[in-house]
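Here's the structure, in structure tokens; my notes come after.
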Amino acid sequence: MDIPPLAGKIAVLSLGALPLSYALNHVSALSYPLGVVWMSALILGLLFLAIYSLSRSDIYYDPLYAVFAVFSFTSVVDLLIALEEDGYMGSFMAFYTKEGEPYLRTAHGVFICYWDGIVHYLLYLAMAGAIRKRKRYRNLALYWLGSFVMSILVFLPGNILGKYNSEIRPSFFLTIPYLLVPCWAGLRVFNQTQAPSCCTPNMVEEEQRKGLLQRPVDLALIIYLIFAAFFTLFRGLVVLDCPMDACFVYIYQYEPYLRDPVAYPKVQMLVNMFYVLPFYGLAIYALIFPGCSWLPDWTLVFAGAIGQAQFSHMGASMHLRTPFTYRVPEDAWASFFVCNLLYALGPHLLAYRCLWSPAFFLRPLPGPPAHHEKQH
């Protein structure tokens, strides 16, 4: 997969968030929640107009260019929030975390800001650059889609269900576009044509005739997926207060963060159990039976989703903003990191396997008609 060039124009425009945030932090009118809402909406509107006037042809070619450009600006804002909350800088976004979205000051909020400000930001620049160069970016977009949707599925319900539900301000309703955009963007991305496959009908037929024992990589992935599925189910039962002794030991001695009243870890484990667990079962099926052409796309979506989820979960479990009683105990650090890193790495290896050698997952292609000699 070719990595498209980054969009320099969008990068320059997004960096305008630095001086703008610093100036707005000293505006007294933004010390009120409604002032933050109106100013945020005004800035996003003016930003869209600026992007439209500068890149009209790119937006006409692909409207997602405008989405990536606007979101790259918000990614820089999120990175500023994370850096300021961790004490690396000051006087930039205090007004927003105080009067806009105070739950961004939680450990989970800080780490989703880091992910958005680094990983999503690079993806936005790469995808916008691909649109400018009229290149394909479907795989990058699928990874971004999974990551983006996972962050929303956990963060928004966690804000409502957790201990910060009384801190919800009018700025919370600015997240409504974040619910609509992934639906529209997902439809556009999935409707894009896939890159042409280099696999010939003979290659597809030969690969799909192989048994599972002849495909050791697929066998190893199936074994991994089985263990990952049990781990997903187990942690889902843990947050549901399963009375088994193993659940009690795990939540108190290995991952006490699952008991944190902010609710983000509990929502995360439930999302994993209801969405990731079925995908693992379907992926095992697709690795056994050939012709499941949907698997390569969905492995990218779930790789992005699980990557974002594990980054936020692992970081928040150790962060100083998490109360000490809910942090991972020091004697459990090794097992915690090994289990969670493997849980995050596996879907990426599965996605790489599907992209690297897709012949097994392709539908059988019609081969050339057989020529029979006429017998006399």
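Quick reminder: no glycine exception, Cβ is built from N, Cα and C everywhere.
Among the ranges 103-128, 337-362, the one that TrEMBL lists as transmembrane segment is 103-128.
Tertiary neighbourhood of the transmembrane segment (140-162): same-chain residues 4, 64, 103, 108-109, 112, 115-116, 119-120, 123-124, 126-127, 130, 168, 172, 175, 178-179, 182, 185-186, 189, 192, 261-264, 267-268, 271, 275, 297, 300-309, 312, 351, selected by CB-CB distance under 8 Å and a gap of 6+ residues from either end.
When DSSP labels each residue, the domain 'EXPERA' (217-351) comes out as 110 helix, 0 strand, 25 coil, counted as helix, strand and coil in that order.
Among 33-52, 64-83, 168-187, 64-83 has the largest number of CB pairs under 8 A with the transmembrane segment (103-128). Looking at the domain 'EXPERA' (217-351) alone, the prediction's average pLDDT is 96.
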